[in-house]
Amino acid sequence: MSLQEQAATVAPAVSASPPVLASIAVARPVRGEFTYSVPESLASQLAPGQRVLVPFGRGTALGFYLGPAARPPGENVRLKPIQRVLEDSPSLPKDLIALLRFAAEHYRYPLGEVIRGSLPPGLSKPVDEKEAKPDVQHFAVALVNEVPPSLARAHAQSAALAYLLAVGGSAPLEEVSHAIPGARAHLKSLASKGLVRVEEKKLEAGVKEGLIQGRPDRLTPEQDVAGGTLREALDTGAFQPFLLHGVTGSGKTEVYLRAAEHALSLGKGSLILVPEIALTPQLVGRFRSRFGSEVAVLHSALKDRERLFHWQALRKGEVKIAVGVRSAVFAPVENLGLIVVDEEHDPSFKQDDSLRYQARDLAVVRGKQAGAVVVLGSATPALETLENVKKGRYRLLELKRRVDDRPMPTIEMVDLRQERPRDGMMTDEAPILSPPLLAAMEQTLGKGQQVILFLNRRGHSTVLLCEVCGVSLKCTSCDVCMTHHRSQNRVVCHYCGLAMPVPDRCLECTGPMLKLGIGTERVEAEVLERIPTARVARLDRDSATSAEKLTEMLAAFARRELDVLVGTQMVAKGHDFPGVTLVCVVMADTSLAIPDFRAAERTFHLLTQVAGRAGRGKDPGRVLVQTYNPDAEPVKRVLAHDFDGFAQQELEWRKALAYPPFARMASIRLEGEHPEQTASVARHLGNIISRNMPPASVGVRLLGPAVAPIAKIRGKTRWQLLLKGPTHVALAPLLARVEAALVDVPSAVKVVIDVDPGAML
Ligand code: ADP
Ligand code: ZN
């Protein structure tokens, strides 16, 4: 059974007559829905989705009225009455109630907490009805097209202006201030220099004339077909899911924009989900310049007041389009007609704490409940999505060509086993940029074009190994190697953040230490050393420590003030830099060896995505892939531009080993202070599962209990159990047994259940 089919089974029952008993989700960490009685004076006021106050335990709690309830079994149960209804019109729209109920059930999380987590602060606490109700918003509007050289020394001002330009030339002050701390003051200074204007805009419903800008006159034939199909689907007003599989640079965003335009013309709202706003200002910019104040941008770190403001504007239907990250799947877009999930394969759609939801999957469920068209877009669709196409659940729309028939970049392999530079002595810091790669870089830079170097590891050296005893330097509280960060002159643990001075000698035997394993910092240093004239910057979590730095770096690269950008997967995202004609993958092998059944898929996705940054302008692109594993399946297939071949092979393998999409999984993860105690709890849970296993014919399997691939993080021992089965329904009874057993587990051992886990580490 698919997620959508399952969704239908938990739809709420709502009847017309005034309710006598009410089903309430209480915003406390307790499972299930609670039945309360409805005082006569409140019966006529109640509407599903309202916030209410209810007695709970010894006090009062915030609750959410979900609908009428049946009398619970038991003759003389005395039900407590609802105390107060907190609002006239419900905070939660009906389709969201159904979605949140589904999420609580599917991901096994308390419903009240799920609902509270989805609401902006201010609605999630029992506060007075004093709503922040600003119906005007201040917008900053850029009056120039680029950051003038005169601002070169005023970094913060230049960053604020760069952000504004990156998102389409105009944005609400709140948003700029979020991206660039202190931006209000900087924008004022910019205004006094005549570079920016701040204007007040009243939020109003409806498309405004003259807002539509930057629209290409002609769609490509493929865009036209995809767009037409989506228009027809929107016209039917029924749920229909699509995969938009379009190669990098094929113009997927334009298809989303046209679909949202059409939805708007039908009076319907749109929800656009993206992996990360700071890394994709271009998409936000294009939505904003096309729809102006019709768009609410929901980023991950909005301030409470802004979140509340956007929520209310969407809920009232004053703003009809929401562009946001994962959590925006819960945005209360009114009369939802369209949901887009851009880069639907991206792992960031899975939340990895509290409610462990997969926003792409929930988007499809929500589309079903709201009767909306759902478009999952990617150049490298997730195998789960592809399988849904094969099964006929999703319709396929393809864009096989780039815009303007620009060629796909040529992809060549550099076999590091032969080409690895070995000039000079064997030092502990052997170079990694091979002669062919350096030659290609010099040639590209010589033509005034730009280069991206990709390596998915930060730091300088990722392993420090003793030459005598062979012991590598590990974090004292995690089971991982320390990474050498030369710029900080320290070794750092990437899991817990522990840092210490670089040891000269092995801590065990005082032998000399070798520095192995290459990170982005070292690649940057090597580029600077080999091509001293190049203007080089590094983009990773160490250099882009704030949204301000990130925006400024991307903007400087776009303005071509930088020649070479070295970075982690942050450079592989949807950027559109027309000046980039060469992309180098420094080592394709880094993500292949990760003990995760998705390692090959993830490698293939990353390589294809980063390759897709090359040749997006008028000049053709070239990609060089350095590898020690030229025969590895994902590497070979990327070289051949063979997505279909890769997918087919990988799907066969997944089928043979019963991994998703051919099975459903749940992982049970344990973390504990004491190694022995943690192990014994893991074995105890394992026994409970084994004792309750359904007959073998059902096809449920338990893997583990086993020590997790990363055995220790922050001093805590980690174990895991993996359940695989044909459907979620087959797994549910076992997970319920585990949950029931948790009451007896000592509090020093933390156990979490993760349904449809993303990573296996
Ligand atoms: P994708 O997301 O598929 O990688 P984009 O949506 O970023 O591709 O589009 C690539 C580039 O092509 C963008 O600069 C975009 O503005 C441009 N573009 C898209 N559609 C058209 C079109 N029909 N005509 C001209 N340019 C287009
Ligand atoms: Zn650590």
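Just so it is clear, glycine is given a Cβ too, placed from its N, Cα and C backbone atoms.
TrEMBL entries are annotated by machine, without manual review.
Sequence annotations record features per position, and here TrEMBL assigns domain 'Helicase ATP-binding' to 233-399. Per TrEMBL, the feature Zn(2+) 1 binding site maps to CYS466, CYS469, CYS506, CYS509. The annotation Zn(2+) 2 binding site is assigned in TrEMBL to CYS475, CYS478, CYS493, CYS496. Taken from TrEMBL, the feature domain 'Helicase C-terminal' covers 501-654.
Recorded features from TrEMBL, shown on the structure.
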residue	record	DSSP class
CYS466	Zn(2+) 1 binding site	strand
CYS475	Zn(2+) 2 binding site	coil
CYS493	Zn(2+) 2 binding site	coil
CYS506	Zn(2+) 1 binding site	coil
Inset, instruction - Scan CYS466, CYS469, CYS506, CYS509 for binding-site residues whose C-beta lands under 6 Å from an atom of ligand 2 and note them, or write none. - result: none
Inset, instruction - Quick one: pull the CA-CA distance for CYS466 (Zn(2+) 1 binding site) versus CYS493 (Zn(2+) 2 binding site), whole Å only. - result: 18
Inset, instruction - Check the Cα-Cα distances from CYS478 (Zn(2+) 2 binding site) to the binding-site residues CYS469, CYS506, CYS509 and tell me which is shortest. - result: CYS506
Inset, instruction - Counting other Cβ atoms within 10 Å, pick out the least crowded of the binding-site residues CYS493, CYS496, CYS509. - result: CYS509
Legend entry - Between CYS509 (Zn(2+) 1 binding site) and CYS475 (Zn(2+) 2 binding site): CA-CA distance (Å): 17
Inset, instruction - Quick one: among the binding-site residues CYS469, CYS475, CYS506, which has the most Cβ atoms sitting within 10 Å of its own Cβ? - result: CYS475
Inset, instruction - Round to the nearest Å and give the CA-to-CA distance linking CYS493 (Zn(2+) 2 binding site) with CYS506 (Zn(2+) 1 binding site). - result: 17
Inset, instruction - Count the Cβ atoms, other than its own, that fall within 10 Å of the Cβ of CYS466 (Zn(2+) 1 binding site), considering every protein chain shown. - result: 20
Inset, instruction - Work out how many Å separate CYS506 (Zn(2+) 1 binding site) and CYS496 (Zn(2+) 2 binding site) at their Cα atoms, rounded off. - result: 22
Legend entry - Number of other Cβ atoms within 10 Å of the Cβ of CYS478 (Zn(2+) 2 binding site) across all protein chains: 22
Legend entry - Euclidean distance between Cα atoms of CYS496 (Zn(2+) 2 binding site) and CYS469 (Zn(2+) 1 binding site), Å: 26
Inset, instruction - Can you grab the distance from CYS509 (Zn(2+) 1 binding site) over to CYS496 (Zn(2+) 2 binding site)? Cα atoms, rounded to a whole Å. - result: 26
Inset, instruction - Take every residue in the domain 'Helicase C-terminal' (501-654), average their pLDDT values, and give the whole-number result. - result: 91
